[in-house]
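Right, one structure below, let's go through it.
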Amino acid sequence: MKEFTGKFNVQSAEIGIVVADFNETVTKQLVQGATEMLAKFDLENVDVYHVPGAFEIPFMTKQLLAKKEYDGILTLGAVIKGETDHYDLICQNVASGVMNLNLTSNIPITFGILTTDNIEQAMQRAGLKVGNEGAITAQSLLEMISLSRQIN
Ligand SMILES: Nc1c(NC[C@H](O)[C@H](O)[C@H](O)CO)[nH]c(=O)[nH]c1=O
Ligand SMILES: CC(=O)[C@@H](O)COP(=O)(O)O
């Protein structure tokens, strides 16, 4: 039996980050967590693209897939429930948009977009008690890049 894991052939990987500035108090922490994780693997040549909100993430990601040569793309955002069903529409469409791009591109795209009931839950997942989703998503991206390199 031959097993493949994503541990960790990521030398010189070119990474793009697409981050939504909506709920910036949270998302800037996600970017920090992600960039600190990437720096642990000496990956400091990271491009960060800021979009207004999570809904704009799939479009910007699609643009990067068409115009840049990244080894992987990281999407970061924080969608926090309000009084209306706007939250549900954004979450569903952004998640399916990112997944569709994953399935049609030849590089991995990871999903670091928080979808929470309130700001407290989001902050907990941006570096407080429950870890940093940006760091977690960055590590997942590196594993996928490494795995891709092993099979290509
Ligand atoms: N309410 C949140 C939004 N809303 C904005 C949308 O993402 C989008 O920018 C707007 O509808 C214009 O197209 N975005 C978030 O990232 N987080 C939210 O909680
Ligand atoms: C996720 C959202 O779009 C949400 O924050 C908007 O709030 P509301 O539903 O109260 O308009």
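One-based numbering along the chain as shown.
Quick reminder: no glycine exception, Cβ is built from N, Cα and C everywhere.
Those TrEMBL annotations? Automatic predictions, nothing curated.
Per TrEMBL, the features are as follows:
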BINDING   Phe22, Ala54, Phe55, Glu56, Ala78, Val79, Ile80, Phe111  5-amino-6-(D-ribitylamino)uracil binding site
BINDING   Glu83, Thr84, Arg125  (2S)-2-hydroxy-3-oxobutyl phosphate binding site
ACT_SITE  His86  active site, proton donor
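Feature annotations (TrEMBL) mapped to structure.
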| residue | record | DSSP (3 states) |
| --- | --- | --- |
| Phe22 | 5-amino-6-(D-ribitylamino)uracil binding site | coil |
| Ala54 | 5-amino-6-(D-ribitylamino)uracil binding site | helix |
| Ala78 | 5-amino-6-(D-ribitylamino)uracil binding site | strand |
| Glu83 | (2S)-2-hydroxy-3-oxobutyl phosphate binding site | coil |
| Phe111 | 5-amino-6-(D-ribitylamino)uracil binding site | strand |
| Arg125 | (2S)-2-hydroxy-3-oxobutyl phosphate binding site | coil |
Next item on the list: Rank the recorded positions His86, Arg125 by the number of other Cβ atoms within 10 Å of each Cβ and report the first-ranked residue.
Entry: Arg125
Margin query: Near ligand 1, which of the binding-site residues show up if the criterion is a Cβ under 6 Å from one of its atoms? Options: Phe22, Ile80, Thr84, Phe111, Arg125.
Written below: Phe22, Ile80
Check: Do you know which of the binding-site residues Phe55, Glu56, Ala78, Phe111, Arg125 end up with C-beta under 6 Å from ligand 2?
Finding: none
Check: Which one, from the binding-site residues Ala54, Ala78, Val79, Ile80, has the smallest tally of other C-beta atoms lying within 10 Å of its C-beta?
Finding: Ile80
Notebook entry, point to check: Ranking the binding-site residues Glu56, Glu83 by other Cβ atoms within 10 Å, which is at the bottom?
Noted result: Glu83
Next item on the list: Just give me the nearest neighbour of Ala78 (5-amino-6-(D-ribitylamino)uracil binding site) among the recorded positions Thr84, His86, Arg125, Cα to Cα.
Entry: Arg125
Notebook entry, point to check: Considering only the recorded positions Glu83, Thr84, His86, Arg125, which residue has the minimal Cα-Cα separation from Glu56 (5-amino-6-(D-ribitylamino)uracil binding site)?
Noted result: His86
Notebook entry, point to check: If you draw a 10 Å sphere around the Cβ of Phe22 (5-amino-6-(D-ribitylamino)uracil binding site), how many other Cβ atoms fall inside it, taking every protein chain shown into account?
Noted result: 18
Note to self: Just to be sure I understand: of Phe22, Ala54, Phe55, Phe111, which binding-site residues have a C-alpha no more than 10 angstroms from the C-alpha of His86 (active site, proton donor)?
What the structure shows: none
